[in-house]
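Among the features that TrEMBL reports, disulfide bond is placed at Cys2-Cys8, Cys323-Cys352, Cys402-Cys424. Residues or ranges marked as transmembrane segment by TrEMBL: 559-580. According to TrEMBL, the domain 'TIR' annotation covers 609-752.
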Amino acid sequence: SCDASQLCNCSSMGLDFIPLGLTAKITVLNLAHNRIKHIQSQDLQQAVNLRALLLQSNKISSIDEDSFRSLARLELLDLSNNSLSHLSPVWFGHLFSLQHLNLQGNSYRDLGQSSPFSSLRNLSSLHLGSPQLSVIRQGNFEGIELLHKLWIDGSNLSQYEQGSLKSIKKINHMIINLRNSNIFSEIVRDLLHSVTWLEVTEIKLPVEKTSLVQNSTHPFRIQKLTLKKAFFTDQSISQAIVLLKEITSLKELEAINCVLQGKGFWDTEEIARSGQSFVEKVTIVNIMIQNFHLFFDLEGMESQINKLKRLTIASSNVFMVPCKLARHFLSLLYLDFHDNLLVSKRLNETICKGSWPLLQTLNLSQNSLKSLEETAKYVSRLPKLNNLDISQNNFGEIPDMCEWPKSLKYLNLSSTQIPKVTPCIPLTLEVLDVSANNLKEFGLQFPNLKELYLTRNQLKTLPGAAPIPNLVALSVRRNKLNSFSKEEFESFRRMELLDASDNNFICSCEFLSFIHHEAGIARVLVGWPDKYVCDSPLAVRGAQVGAVHLSLMECHRSLVVSLICVLVFLVILLLVAVGYKYHMVWYLRMTWAWLQAKRKPKRAPPKDVCYDAFVSYSENDSDWVENTMVRELEQACPPFRLCLHKRDFVPGKWIVDNIIDSIEKSHKTLFVLSEHFVQSEWCKYELDFSHFRLFDENNDTAILVLLEPIQSKAIPKRFCKLRKIMNTKTYLEWPAGEEQQQVFWENLRAALKS
């Protein structure tokens, strides 16, 4: 049950005794909410370094006297809510370092005949008492000189010996549950010189006429008195006001969750005779007054309020303050009427001319104000006002122009149902809160504005920086903000705090790039990084903006696609260039033609052979072919029928198919070879040499006629079949002499007949 720092949590484990084997390593031991009944001498003997021991909410009824002897370093001991019927000074005799001790909620009826705490010189906070505590005796607190906090549950305290608490020289804050009003005055007298803040709960304020400061000398220490869940009557409150004036050090009074049975019929004459009040701050929260609408106007109390500087009356059904009374708050700087029943028309009486002359801060939030124009008009009567909170009033509408105090610097209009912002809002403001109003835009000019709160609205972008050049803090939390750009962010030159948390951010590449590379943005963004979460893209939904990194493809999709297209185009261009240089198109087309030829029968049927020879020749040699060879062969006896592409190809048919068909319909193929033949453009050759089938058959259907001397090495490499034939087959050479030409024709005719 122990962690790395030796904090051992054994709470709520159903233990009946303190576990065995505790060592000197343990610093914190939590044994709360178990069933331990007895603490024995040896239980904690080895835990010499224990700093905190939590034993609350067990069933401890007995403790051996030397159980805590070894705990000289213990700083916190909690024995509350057990069954201890008495307290022994021996228990705490060796707890020299103890600072916090809680003994509340046990069954002891008194603290003994002497002080159980005499050896606790370092004690800072002490909680003791229970509904069973009935007696506090002199000497019970001997040895304690200084306490930061003392809390005594004396709800059933019936006997208090005068001077019991006087032994404590200084108590910063004392809380006492006290129902017995008869001993209230005695306790107050003992605490005049020691307590700074006294808090009394559940007291039924007595009608006390004996002075609270009798036989006491100045100066007093008590500065603040708080009454919680107290019960007053008109008579008791009148007397209390008189008696408390005697405590000249008292500056602050609080009444929280109290009940006043009465109608405000106070003895104002006696109150006035008793002199001036020294109280500067009064806070009244949730005071219940039956038939509050019948409460008197407190006429005659004017002399008691002119020194008051701060007044809070909250959640107490205040619906107006009489003008006569309001004009006597001559020193009041702070007035808080939040959560009451003030209405716009009654403000004419509450804030009449000449009232609250020095008021600087006014809180009218959570009332029933309906007209912003009227509220502004009445508030403008306060010449010193610079801080106004009228939030959580249902104004619903906002006029175009309003009259405000010229000194107004802070204005809270949050949750007022205003549909937009207009020039009604004063230009003098330094702080403006218009949160929770469903605003869709904010475009007003405020040259002095330093803080702007737009939380829980419908804004989709940050407000423009130009109209609010001096803005230091901006809150757009929980709006419809998707992102903000570097330009928007940097346009607020004086921005120190930006709260854009709890928005549905679109984590685009531009937004993420700005977030990741903007220096110091983590110091400016409030709630960073936990409260900044991506809503889209779907793949990163729910992830923190600062932790998201999108890929290059996601960030630059169009650029990547463009680059791919460019690369594909360049590859195609390169292939075209290579193909052009190495005649790839020619090879491809020849291959296609060859494949087509392969699918056809090896030989056309005899009935389809209609030519003696197909003549393949260069266009530059057409004169010799057409005028010489054709005449010599076709006019011979018997005549030969030749197939020439110019004359015999089928119009409209693909030229390669024409060539292949012509070869298949011819007994022989006659090649007229020359320099023109082998050096002409390669695109012409695909017409003349799309006849691979011919060479694949390894027969003698090919007849080569060499029109002029040509070396086989001069033939382009792509005509590898032709080069092979010229190296392996006999060919006919066209002679220059006429006598030899006759022999040439005879040989050619013989070859065609073979």
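Any Cβ shown, glycine's included, is placed from N, Cα and C.
A quick note: this is a predicted structure, and the numbers were derived from the prediction, not measured.
Sequence-distant neighbours of Cys2 (disulfide bond) (same chain, 6+ apart, CB under 8 A from its CB) are Cys8, Asn9, Ile26. Sequence-distant neighbours of Cys323 (disulfide bond): residues of the same chain at least 6 apart with a C-beta under 8 Å from its C-beta are Glu349, Thr350, Cys352, Ser355. The number of other CB atoms found within 10 A of the CB of Cys8 (disulfide bond), across every protein chain shown, is 20.
Non-local contacts of Cys424 (disulfide bond) by the CB criterion (under 8 A, 6+ apart in sequence, same chain) comprise Leu372, Glu373, Ala376, Ile398, Pro399, Asp400, Met401, Cys402. Counting Cβ atoms from all protein chains shown, Cys402 (disulfide bond) has 19 others lying within 10 Å of its own Cβ.
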